[in-house]
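Here is what TrEMBL says about this protein:
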- A:18-38: transmembrane segment (TRANSMEM)
- A:44-65: transmembrane segment (TRANSMEM)
- A:77-98: transmembrane segment (TRANSMEM)
- A:138-164: transmembrane segment (TRANSMEM)
- A:139-355: domain 'ABC transmembrane type-1' (DOMAIN)
- A:176-209: transmembrane segment (TRANSMEM)
- A:215-232: transmembrane segment (TRANSMEM)
- A:291-317: transmembrane segment (TRANSMEM)
- A:337-359: transmembrane segment (TRANSMEM)
Amino acid sequence: MSIATTSSKLIGRQAPRWLPLLIGLCALILGAALSALIGFSIGLWAVFAGLIFVIAGPVVVGMLEGSRKGKDAFARYLIYGAFLLALIPLVSVIWVVLGRGVPGLSGNLLGTSMNGVSGVTDNEAAQGGPAYGGAYHAIVGTVMITFWATLMSVPIGLLTAVFLTEYSDSNRAFRWMGRVITFLVDVMTGIPSIVAGLFAVALFVQVLGDPSARFGFIASIALSVLMIPTVVRNTEEMLKIVPNELREASYALGVRKWRTITKVVIPTAMSGISSGVTLAIARVIGETAPILVTAGFVASINFNAFSGWMTTLPTFIYYQIMNPTSPTNPQVSEDRAWASALILIILVMILNLAARLIAKIFAPKTGR
Amino acid sequence: MSKRIDVEHLKVYYGDFLAVDDITMQIEPRAVTAFIGPSGCGKSTFLRTLNRMHEVIPGAYVEGKVNLDGENLYAKGVDPVRVRSQVGMVFQRPNPFPTMSIRDNVLAGVKLNSRRIARSDADELVESSLRSANLWNEVKDRLDKPGSGLSGGQQQRLCIARSIAVRPDVILMDEPCSALDPISTLAVEDLINELKAEYTVVIVTHNMQQAARVSDKTAFFNIAGTGKPGRLIEYAPTQEIFNKPQEKATEDYVSGRFG
Ligand SMILES: Nc1ncnc2c1ncn2[C@@H]1O[C@H](COP(=O)(O)OP(=O)(O)O)[C@@H](O)[C@H]1O
Ligand SMILES: [Mg+2]
């Protein structure tokens, strides 16, 4: 009995656990009412509901549990509010792209190019006829160009980062080189994408001596100019956090430095490296301008990155919106554009999943 | 396969800084030699020169000789990587490879060097190394689990097993128990006692009872002040160092008057 009374002194008054939900619900209703007074719109409703939630929550908690808990609740409710705020753009992007992209998704879109599709076919489609034409050529272009760009940037970026973290402080000349490289990587990070595109074209025009040189691989070069600094920077950070003790443990077993790097350091950092590479790919896969100036734009399928023009999903979307195939019935082109945008997002998501998988395989093992 | 180490006039530098000055000593095979002394006196630095691990630190170099059964480790053309496969090292903090299972940790010396090994030989090597490290019974049912799931003491014994698996002649240990609890420390000390039957064992410790418990000979290092190099003050059988030291500094240190 006495124990119960002493321990009950330690337990203050507590608000019920479902309180945030209740307050949220009330805030939504009140917010709707208030915004209706001024003239209802979803944005206004959200603003009012959010304000009421962040103010009323702490006040109620403060009355129920005391002012210290009230202040704590104020911080907590602000964080809830910020979280919801951060979700809005994310959710609405996915919502809009799904809403407008799904109707355009069809076997046709995924499996055919725009070859031979003209304003006439689109006009017929708008009248209820079959919709021809798709983004297959753009998917192929995106995959090919990004593939070659990744194939070039990952080894270069990885090796540069390995040099910077593992070798650059072993002697004075290397230290100096390391500083120069770090500076150049910083400069490269700031290059606008269109400049990278122009650079790649100029380079190939010079090398091939052909002023009209345009093909997928040039675009890959432009993209890898954008990717390399990201990969270097990220990989460097990941290699730096590998504890020195692991390197020493490996050396102490009579393992050479390069084997230590390839078999201990890189695998330990692999999960971070792979997610960094994915991030770099996701950054460049949506580039439009540098693709247009390097790879041109076509309606037909081209698997060969080393000759002929190529289209990628972003350039395809751009053209479908800006120059609809049928100017009188732009709806058909818009459907294709939104569906292509959805495909682009799905591609990035697949990449993310792949990176997770790689990370899982290499991740430092835990558990007993 | 236990080898004797003869150190002749060894000086160790970090860039311009002389960290350890003029050490001459003989380390006996099939025995445990302990290095004691206040921190910063260069015990770790000196220990690392016995398998050229100091070379990992930019700017560190030595003058003098370290002979392993008469072969100078610092002679021209000696490959530090080969030195390290004969002189293994265990560190202060247990550092099993986090991406590897217990079994792969033991086999690390073989696998990281991409040496081919038959499955049965590998199993045998894993078992014998873990048995020598007194760890076999605790882990035999979970060899494929990660090494990081073990307790600190078990991890340290795993690291010792990993060193043993490359079949070195000498095992260097830098404060191997300072991150461990008393029970684990006891397990590692028992292990050190058994290891000396086959290996030359050198252990750095700042725990004097530990030096007294496990070592046959003890070397006391000291430093005159910060920025001064560490020196070998006295080197004698452990009994003598603790019971009738020749030097005043040694007596002060082992009786706990400083350090
Ligand atoms: N990586 C290093 N670079 C420069 N000086 C070092 C380095 N490691 C140790 N030292 C210096 O060398 C001396 C001996 O250090 P250390 O061998 O770690 O001592 P102990 O192991 O006996 O505590 C100290 O003065 C220390 O500051
Ligand atoms: Mg030390």
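Indices start at 1 and increase along the chain as displayed.
Cβ from N, Cα, C; glycine included.
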* Asked: Which sequence positions outside the transmembrane segment (A:337-359), separated from its termini by at least 6 residues, show Cβ-Cβ distances below 8 Å to it?
  -> 94, 97-98, 100-106, 109-110, 135, 138-139, 142-143, 270-272, 274-275, 277-278, 281-282, 285-286, 313-314, 316-317, 320-321
* Out of A:18-38, A:77-98, A:176-209, A:215-232, A:291-317, which stretch touches the transmembrane segment (A:138-164) the most, going by CB pairs under 8 Å? -> A:215-232
* Structure fact -> Contact set of the transmembrane segment (A:176-209) with the rest of its chain, CB cutoff 8 A exclusive, min separation 6+ beyond the ends, reads 160, 163-164, 167-169, 218-219, 221-223, 225-226, 228-230, 232-233, 284, 287, 289-294
* To do: Using a Cβ cut-off of under 8 Å, list the residues of the same chain at least 6 residues beyond the transmembrane segment (A:291-317) that approach it.
  => 113-117, 135-142, 144-145, 148, 194, 197-198, 200-201, 214-222, 285, 336-337, 340-341, 343-344, 347
* For the transmembrane segment (A:215-232), sequence-distant contacts whose Cβ falls under 8 Å of one of its Cβ atoms, 6 or more beyond its ends -> 141, 144-150, 152-154, 156-158, 160-161, 164, 185-186, 188-189, 191, 193, 196-197, 199-201, 203-204, 276-277, 279-281, 283-284, 287, 290-291, 294-296, 302, 304-310, 312
